[in-house]
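Student: Per TrEMBL, the features are:
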| type | residues | note |
| --- | --- | --- |
| DOMAIN | 414-524 | domain 'STAS' |
| TRANSMEM | 12-31 | transmembrane segment |
| TRANSMEM | 43-62 | transmembrane segment |
| TRANSMEM | 68-89 | transmembrane segment |
| TRANSMEM | 101-120 | transmembrane segment |
| TRANSMEM | 140-164 | transmembrane segment |
| TRANSMEM | 171-191 | transmembrane segment |
| TRANSMEM | 211-233 | transmembrane segment |
| TRANSMEM | 300-330 | transmembrane segment |
| TRANSMEM | 350-381 | transmembrane segment |
């Protein structure tokens, strides 16, 4: 089933990518079989995806190159190399820094872009404009320029797919729909309806090896990294949700390597960039696949179609493929997911909106990188805003309780403070602002800062500690630091903070929770009494 469905799907993906549709079909065929032997997942179908195809469509170098086919080979191979590097360095854990808001905004915008990008093939009218949104508006403003027969073929294809999917044909319904509408074009003599033959597509057999074009490598590095990122994110979803036949979870880093191998193989055999396809993997599993050999069979089926029915492929109607793609695009858009993120909070709302809008108006390879940067920035902002400082005191029964620290440090008092949250460079100003202010009446006091559980402090945080210690010293008070980590004690020494707070200002902790703080508090109380 997967093999038969992949033939029109592969052609449509190549059309969506703006390259020779055969590159999509070859990518499906080669990616599926090479991924079957190289990934950790038993059921991961490594094929072209809508998101990756849209990224390829925005790579201007592929259209401007003197050899577009070799430029595409280069892009696929570079994408594979980027995935191989990610797998070798075990960068799967880095994907957690990409927020859900960014991915929801990006994937939904890709779905809209798929629909808008196929309006020309669906209607027979190629509108002018700098991006898909403007071209779509242009199309809707000129209904008289649309070709009725072309539009009818596309809409009939969509309707047939929807109807046939509810019959025993299920996923094969799209194959039947594309064949039926394409055959109707030929039988009705609608010569003005474009077919793959009009693009010069000639399927003469299995793909032949082709070498990359080294001169375009610099221009394709950013698109390749973006493609690798999108492919790996989608593949990670398969690794996390599709158990192997033996009941074990696949290894994400091994799947990264497998997708990299599949891309290199796809590129060298004239295929477009590929990645783990959630829909194809689900179809493979639902069709009763018991091992990775089901993917090999799917590739063999594709090869048989290519060899045995190659002359028929050129008769496939362009609006039929456009209708298939538009249906895929519509199903990619998930309003419920967007609404869920939108209700989460103002920051998530802003990230979702910015990512969605960027993906709609700028080339997707840059939108992906912008989304990654936005995710990292969001993570930094969120972590820095979660820094709090609490004061530890004893109640009447001797129990340790936490309260808000005083707004201003009182005179002749011992104040024990416990910071919470990530104390990295962006959080340093927030941490400093949360400490009690040091005023003219803050003399003769001791502030004990408890850093238990911290393993490393950056120079920005150290600078904040230095400034606070100096302000305490100017007011006639002291800063005492309690830490059980040797690395932090060393950092305090090499940055000169030990010299600022004086001898006895650092208390190395041990395995007894609270014992060192109690000792520091007792010493501080004696020092405060001596200052009265």
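The backbone N, Cα and C atoms fix where each Cβ goes, and this holds for glycine too.
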Student: In the same chain, who gets a Cβ under 8 Å from the transmembrane segment (171-191) while lying at least 6 residues past its ends?
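Tutor: Answer is 1, 4-5, 7-9, 149, 153, 156-157, 160-161, 163-165, 283, 287, 315-317, 319-321, 323-324.
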Student: So which of 140-164, 211-233, 300-330, 350-381 is most in touch with the transmembrane segment (12-31), counting Cβ pairs under 8 Å?
Tutor: 300-330
Student: For the transmembrane segment (101-120), name the stretch out of 43-62, 68-89, 140-164, 300-330, 350-381 with the most CB-CB pairs under 8 Å.
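Tutor: Between the stretches 43-62, 68-89, 140-164, 300-330, 350-381, 350-381 has the largest tally.
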Student: Do the transmembrane segment (300-330) and the transmembrane segment (140-164) come close, with at least three CB pairs under 8 A (pairs 6 or more apart in sequence)?
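Tutor: Checked: the transmembrane segment (300-330) vs the transmembrane segment (140-164), in contact.
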Student: Taking the transmembrane segment (211-233) as reference, which of 43-62, 68-89, 140-164, 350-381 has the most Cβ pairs under 8 angstroms?
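Tutor: Of the candidates 43-62, 68-89, 140-164, 350-381, 68-89 scores highest.
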Student: In the domain 'STAS' (414-524), how many residues does DSSP call helix, how many strand, and how many coil?
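Tutor: Residue counts for the domain 'STAS' (414-524) by secondary structure: 50 helix, 22 strand, 39 coil.
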Student: Where among 43-62, 68-89, 140-164 do we find the most Cβ pairs under 8 Å to the transmembrane segment (350-381)?
Tutor: 43-62
